[in-house]
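Per Swiss-Prot, these features apply:
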BINDING   Lys335, Met336, Arg337, Asn338, Lys339, Arg340, Asn341, Ser342, Lys343, Met344, Tyr345, Leu346, Lys347  heparin binding site
DISULFID  Cys73-Cys86  disulfide bond
DISULFID  Cys262-Cys282  disulfide bond
DISULFID  Cys307-Cys326  disulfide bond
DISULFID  Cys318-Cys321  disulfide bond
CARBOHYD  Asn89  N-linked glycosylation site
CARBOHYD  Asn145  N-linked glycosylation site
CARBOHYD  Asn403  N-linked glycosylation site
SIGNAL    1-23  signal peptide
Amino acid sequence: MRACPFLLLLLLPLLLSLGRIAAVRDAAGAGPERRQDDSVSQVQKLREEPSKVRDLQVKFIVRTTPDLDDADCYITAGQDHLLDDCNFNVSAKTFFVIHGWTMGGMYERWLDTLVSALQEREKEANVVVVNWLALAQQLYTIAVNNTRVVGKELAGLLDWLEEKKDFQLKNVHLIGYSLGAHIAGYTGNYARGIIGRITGLDPAGPMFEGADPSRRLSPDDADFVDVLHTYTRETLGISIGIQMPVGHIDIYPNGGDIQPGCGLTDILGTLALGEIGDLVICEHERSVHLFVDSLVNKDKQSFAFQCTDSGRFKKGICLSCRKNRCNSIGYNIKKMRNKRNSKMYLKTRAGMPFKVFHYQLKIHVFSYKSLGETEPSFSVTFYGTSGDSEPLPLEVSDQIGLNYTNTFLVYTEEDVGDILRIKLTWESTTQSWYNFWSQMKNYWSKPDPSSKELQIRRIRVKSGETQKKAMLAVEFWELKSTCLKMVKVEKHCSRPL
């Protein structure tokens, strides 16, 4: 039975304090021998007897089947015969999957799913699970210290493999979850050569946030480092996933904050079922499932867009693909090494396939008359060549700008194709808003301020995925209505991704 990870949220501040106290005590009262990391000495002792593979605290399991129960083939540095026994192909692409901290001493359920997806996508590749459960099932602070030990062990294995004739580090892809992401970083730091790629799946935040690059995952650890951040929201002053960018590309699905399917409504349902453990890990593990999604749904790849912060992305400002400002996420990501901003953002669905379709709306409001203090809520419905959308809410972060182009981000879960027309709707319980619209021939006529509350010239729509643009004008309007229907008046234009 798995221990409840919810305790982590309550105990992390205490664990961190205990770790600091223990470090101060050891430094003040212990001799040089006592200060030596016990885990390091234990692993070093075991390395002197490499034949006792099952006794090692770090095991490298070659997965020949998706089922963990059937996986019983280990490789270790210096034991050439184990490569043959495990059918390890030194010339093939090799994945190393590295799990994170554990409270129950067991593999997490996502590992089977990820291994199976890798084997299905790359049938000739080696898939190796780095089993460090014995060192991970410790107090969090101790497990953090053990990540360096595991990184050194894996680096030693890679150095040994690199001595083989056809083995190349550029074909190695380390995939680390939570603490496992930082283990991948240490591995790249300690290995003699340059590892091809590291993917960090929501790297752990506590004790790594703000740390020196040599003490956490960083862009220097591989030829290419990509990171998915899915749990960067602080709880009790601590973020479970690291908030800072630590790769060449750092992707923040849904702002790295609340993930669809992990919100308040889902919390209440989960509590009713008594599955609080699944609730807490929902956002943290979402990074794994997004990566799996990129492996199994090749025809439904999610796109992310470069932006300086989540706030600007939510306003729809950052849907450009110029100069490599957009990219697919997960396994199929295009390698880019940004020297400045590496942050990218996207919206997702609550489950696989996670892909959504992003749209930027630009609405120029010439004038309006507010009849109350509360802004109305807006929604828009798309009618396209492939289908229609549900009403999509427009998030108004500030007041509607007068004589100003207001930009919004909306997204659909299904592809509606090219936009043919849209319906703009607004409503409020505390005030009335009326629309004003006319054909272009009537646009320059003087409006009647006593009856016309909202004046819009036209709406521009841009698709993030296709980069197609459309301009829409009025189809018809009713003076007392809160609904405005518009049709495309110009042919769309597109810019290739």
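Using the three backbone atoms N, Cα and C, a Cβ is placed for every residue, glycine included.
Because the structure is a prediction, the values reported are computed rather than measured.
Feature map: annotations from Swiss-Prot on the structure.
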residue	record	DSSP class
Asn89	N-linked glycosylation site	coil
Asn145	N-linked glycosylation site	helix
Cys282	disulfide bond	helix
Cys307	disulfide bond	coil
Cys318	disulfide bond	coil
Cys326	disulfide bond	strand
Lys335	heparin binding site	coil
Asn341	heparin binding site	coil
Lys347	heparin binding site	coil
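In this view, Asn89 (N-linked glycosylation site) is surrounded by 14 other Cβ atoms within 10 Å of its Cβ, with every protein chain counted. For Cys86 (disulfide bond), other Cβ atoms within 10 Å of its Cβ number 20.
Proximity to Tyr345 (heparin binding site), defined by a C-alpha to C-alpha distance within 10 angstroms, is shown by none of the recorded positions Cys73, Cys86, Asn89, Asn145, Cys262, Cys282. The DSSP secondary structure for Cys262 (disulfide bond) is coil. Residue pair Cys86 (disulfide bond) / Cys326 (disulfide bond) shows a Cα separation of 40 Å.
The distance from the Cα of Lys347 (heparin binding site) to the Cα of Cys318 (disulfide bond) comes to 12 Å. Fewest Cβ neighbours within 10 Å among the disulfide-bonded residues Cys73, Cys282, Cys318: that distinction goes to Cys73.
Each of the recorded positions Asn145, Asn341 was scored by the number of other CB atoms within 10 Å of its CB, and the largest score is that of Asn145.
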